[in-house]
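*Asks:* According to TrEMBL, the protein has these features:
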type	residues	note
TRANSMEM	78-101	transmembrane segment
TRANSMEM	138-167	transmembrane segment
TRANSMEM	258-279	transmembrane segment
TRANSMEM	319-340	transmembrane segment
TRANSMEM	352-377	transmembrane segment
TRANSMEM	383-405	transmembrane segment
TRANSMEM	417-436	transmembrane segment
REGION	462-484	region 'Disordered'
COMPBIAS	463-475	compositional bias 'Polar residues'
Amino acid sequence: MALSDVSFRTLWLAAAALRIILLVYGEWQDRHFVVKYTDIDYLVFTDAARHITQGESPYNRATYRYTPLLAMLLTPNIYLFQAFGKCIFVGADLLVGWLLHRILTLRGMPSKRALLYTSLWLLNPMVANISTRGNCESILGCLVLGTMYLLLIRHFYAACACFGLAVHLKIYPVIYAAPFLVLLDEKYGLPVNWPNMLWTYERLRIQVLRLYLDEDEKADDVLAEDDNDRLDNLVDKSSRVLSRALRHGLMFLSPTRVSFAVVSAAVFFALGGLMYSMYEDQFLECTYFYHVTRKDHRHNFSVWFYHIYLTFGSNEDNILGLLTFFPQLVLVMASGFAFGKDIFFACFIQTFLFVTFNKVCTSQYFMWYLCLLPLVLPSTKISFRWLGLCLIVCWVVTQAAWLYFAYHLEFEGENTFFSLWLAGLAFFGSNCWIVVELINNHRFENVFGASGRIRWCWGNGEPKQQPSDASSANNGHMVPPSSL
């Protein structure tokens, strides 16, 4: 049966069946094979949950480096059955597929065509394998996509709460704050009724903006009318630069953006404060500080791992940690602000760069950007034949080369560190090539049009559905590009 003849429900049920089969197989393999199907991290989660049920700290389990909220969520592993957490992760995995399909259709793509892109996640064996082995990354993908979806349908406060929860669970989604703030411009409009405090802030902001705008206009008039001899009588250049910077800053800090930042931060700090009251400094160290300062000398995909391995524990190791963080931070923040109007592409590029330049990189990190890939492909000009195929082959082959040397190191006991590092360099180079090609071949498309409605840039909706009907069905927030 062709994919075009399949409904989303059928695709979703097929994806669920695939994961159920893998769950059952995983339980069987764990009982009969020396090499276990279940990820070691899942055993760590379960042990931490057991400590919770015994009234102890989850951090009594060595290597548990997550929020206590995750261990609390998995306490049914102890009370009910051990695979309960896997079912949670699979459920989040399937919810990601639903969110992808909804976002694609919100931007005008016919449902049948959206199935093709959604299947890249739902029928992806790598994705299904990672979630059924007990990895929690699907929850993060669900929260990130949930934030985007809630912003699109104007559930503003729910989106703020979702984003705050995502950052609480793992610190890396904080990088999405940049494109989210860029997205919430004047086209987004007034999604909520502002409190009186925000109206006061808006009046003050407008007054200050008018003050600086008037000063700049007067200065521009003097420059236009007088010759160079009058230039020395103008406002000092440094103060002009400062005033313009302040003006642009105030123009950016609209009440909607301030609301998003304040509410998201409030959720993040409320959850953090609650966890801190229970586990104190141990919570901060294991949940956040550890991941910022983490240096893993064990083999992983990171291009930095070999040097970290050679200098582990020395002063040079600490310096390297700072040096590797700088290019990662600059690239991630620059791409977030540059592409923020096209929120899906911005978040994908940010995540791809973050993972590529990170000091530690494992296969589970690929989940962070794979859940965003179906929202980027509809806007790319890269054809599968030939450039697209070359990019895929390059990414797979360099990764396979790395896995080959990693196998001989870990299971055969051979010293393949240098070969592993060279394979990591090749994988890093392939990732850089992919980023460059994606940026150069992307059709940048603002999410919102001049009217503040979602732009139909991926199609004209369902074949039997008129744009006006689709707009009314979605609270009047979608509009085809032709009407902009």
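Cβ coordinates are placed from backbone N, Cα and C, and glycine is handled just like the others.
Note that the structure is predicted; figures quoted are calculated from it, not measured.
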*Asks:* Six or more residues beyond either end and a Cβ under 8 Å away: which residues meet both conditions relative to the transmembrane segment (138-167)?
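*Replies:* Hits for the transmembrane segment (138-167): 88-90, 92-93, 95-96, 99-100, 102-103, 106, 127, 130-131, 173-174, 176-177, 180, 183-184, 191-192, 256, 259-260, 263-268, 271, 343-344, 347, 367-368, 371-372, 447, 454, 474-475, 477.
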*Asks:* So which of 258-279, 319-340, 352-377, 383-405 has the most C-beta pairs under 8 Å when paired with the transmembrane segment (78-101)?
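*Replies:* Stretch with maximum Cβ contacts: 352-377.
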*Asks:* Hey, would you say the transmembrane segment (417-436) packs against the transmembrane segment (352-377), going by three or more CB pairs under 8 A that are 6+ residues apart?
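*Replies:* The transmembrane segment (352-377) and the transmembrane segment (417-436): touching, yes.
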*Asks:* So if I exclude everything within five residues of the ends of the transmembrane segment (383-405), which remaining residues of that chain have a CB under 8 angstroms from its CBs? That is, six or more out.
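*Replies:* Tertiary neighbours of the transmembrane segment (383-405) are 301, 416, 419-420, 423-424, 426-427, 429-431, 433-434, 437, 441.
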